[in-house]
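Okay, structure first, notes after.
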Amino acid sequence: MAVTSVSESNFSSSVMKSGKPVMVDFWAPWCGPCRMVAPVLEELEKEMGERIKFVKVNIDENPRLASLFQVQSIPTLKLFKDGRAVATFVGFQPKQQLKRQIERVI
């Protein structure tokens, strides 16, 4: 299963009401570091997808979500558990570092 895109219309059902933790990638198509994060998240989704869900939010198309979750720069990754953000990562994160952080939460 690939990292799926979510928007304002389905964010609540996909993230806030998810039965498992969710890593949200706030990104934009023009952002170089965001393009570096995408394959890392795809790999993590393949490795950890049974325990955590990975989604992405295009901030250009969903500016209210970016504002609501105080995304100041991109890429910003927010880890949600039980409907609330429990960890935030700003900028590119190496795969192993990100995986360790996720393991601590889930």
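Each residue, glycine too, has its Cβ placed from N, Cα and C.
TrEMBL does not curate its annotations; it predicts them automatically.
Small disclaimer: the values here were computed from a predicted structure and weren't measured.
Here TrEMBL flags 1-106 as domain 'Thioredoxin'.
The Cβ of Asp25 (site 'Deprotonates C-terminal active site Cys') lies under 8 Å from the Cβ of Val3, Cys34, Val37, Ala38, Leu41, Phe54, Val55, Lys56, Val57, Pro75, Thr76, Leu77, each of which sits 6+ residues away along the same chain. Residues or ranges marked as site 'Deprotonates C-terminal active site Cys' in TrEMBL: Asp25.
Sequence annotations record features per position, and here TrEMBL assigns disulfide bond to Cys31-Cys34. Taking a C-beta cut-off of under 8 angstroms and a sequence separation of 6 or more, Cys31 (disulfide bond) has the following same-chain neighbours: Ile74, Pro75.
DSSP assigns Cys31 (disulfide bond) to coil in the three-state reduction, outside any helix or strand. If you look up TrEMBL, you'll see Cys31 (among others) marked as active site, nucleophile.
The site 'Contributes to redox potential value' annotation in TrEMBL covers Gly32 (among others). Taking a C-beta cut-off of under 8 angstroms and a sequence separation of 6 or more, Gly32 (site 'Contributes to redox potential value') has no same-chain neighbours.
TrEMBL lists Pro33 (among others) with the feature site 'Contributes to redox potential value'. Counting every protein chain shown, the number of other Cβ atoms lying within 10 Å of the Cβ of Pro33 (site 'Contributes to redox potential value') is 14.
As annotated by TrEMBL, active site, nucleophile applies to Cys34 (among others). Around Cys34 (disulfide bond), taking its Cβ as the centre, 20 other Cβ atoms fall within 10 Å, counting all chains.
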